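Features of the protein shown, as given by TrEMBL:
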COMPBIAS  126-135  compositional bias 'Polar residues'
REGION    113-135  region 'Disordered'
REPEAT    306-338  repeat 'WD'
REPEAT    392-432  repeat 'WD'
Amino acid sequence: MKMEQSEAETNMQILLDFLNCLRKKKLEELTQIQNDLQYIKEDTTAVKKRTMELYTAKERCSMNLRMLVDDFSAEKPLPSLIDQYNNGAITGGRNSQGWIGSARSQSRVSYQANSPGFRSKDANGGSDSTCNTDSGLTVARKRRIHAQFNDLQECYLQKRQHWTKQFNKQEDEGPAAMDVDGYNPGLQDFQAVLTTFTRYSRLRVIAELRHGDIFHSANIVSSIEFDRDDEMFAIAGVSRRIKVFEFSAIVNEPADVHCPIVEMSTRSKLSCLSWNKYTKNHIASCDYDGIVTVWDITTRQSLMEYEEHEKRAWSVDFSRTEPSMLVSGSDDCKVKVWCTKQEASVLNIDMKANICSVKYNPGSSVHVAVGSADHRVHYYDLRNISKPLYVFGGHKKAVSYVKFLSNHELASASTDSTLRLWDVKENLPLRTFKGHKNEKNFVGLTVNSEFIACGSETNEVFAYHKAISKPAASYKFGSDMAGVDEEAGSYFISAVCWKSDSPTLLVANSQGTIKVLVLAA
């Protein structure tokens, strides 16, 4: 009997413990929900207030313009001009009074047609507002919100919670940091994301580069890169040639064949290009023989050739802050740092795994990100190469590319068909992006301050907003052509490059086709 009672008491204690834990968990969730609802309440009030201010300013502008038009309408014909006409001082085939009247009429119409808030009569006597919002565009943007609502919700709450923590850290300075209208910085950050994300829904072709090698059997473009000023771009790949084109000519001067302004032949197939961020006419390349070369496109000659890598070199990158420095990575498992002022490498890091990609932090000459076949991203401080500063794990296969969106945001691509975003300042994973297909090839990765774009083995290019894990837009090569070749399915995107902080994107595929795309509504 005692055993049964003890068992019953134990069971009740276990049940009570479970219920207490569950209650605590749900209360924590409730507290968080209440906090979230408070954010939403505060922000709704702030947005309504801001909206009313915009409406009031618009009405005030409309009223001022109405008064201006009324003043024009109330004016009488200028007596001096009419007197001059009647006295014969003004001559000509055109009736001066009629000209003056029509000019006033035109002025009035001009104000009505171009001024917000004005309503003009149509031919049938109806009225129409010239400043009405384009409802179709607004509806389309709202649809994009609902299609990605979960990600946007997470983004909003993350930004609000982040700023709340910032204010809590500096309680005295918190109220001063808040907008005077109660417009929270977290809300401001989210509005910027929402505005940018909903602005675009597709990638549209604006030009195609026809460089005469489209049907060449070995024409995969491995790298495509804009120069320092976005005036020129270079392409390179298995054709053993570096070609430099003028961007404006490709976009503004359609032609059957576009000729490069510079072309340089190399001994081996090329895997990567990197323009010097300071000296406009210098570009670095690395190739399948492991050679890293610095070229002068003005003379079409190599300035430096570094031959220390023992196997294929996959990646090379010039430092943005120290333009005489560059870094390379190779299948020999080594990362090497070079200086254009000397012939031997400056630093040598043995990674014990194949190196697929290297990239300097844009704000530092001593921090380098390395994408490796060991499925990880290694972040080094070159002042201490004995071990990485951070190691970012999460990818399931080799990390094929690493690129910086800012001094603290790093994007990586992998043959596990995902992209990942990391914070190299706080050593944190931020987001995983899915939608494209990448299992075996190098399909390209490019970033600007807001968007990440990558290729796919479906012969498509995908663009992601950095705050949203699903694609914002995509474009499939051949989708705008009738009678697409059945073999097109075997092609893949091989290189991509954003024009700096712009919606314009260069894209090349394994067939050698190169297109200029732009993000569009």
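Every residue gets a Cβ built from N, Cα and C, even glycine.
Same-chain residues lying 6+ beyond the ends of the repeat 'WD' (392-432) with a Cβ under 8 Å from its Cβ atoms: 354, 356-364, 367, 369-379, 438-450, 452, 454, 464, 466-467, 469.
Taking H, G and I as helix, E and B as strand and the rest as coil, DSSP gives the repeat 'WD' (392-432) the counts 0 helix, 24 strand, 17 coil. Residue counts for the repeat 'WD' (306-338) under DSSP, split into helix (H, G, I), strand (E, B) and coil, are 0 helix, 18 strand, 15 coil.
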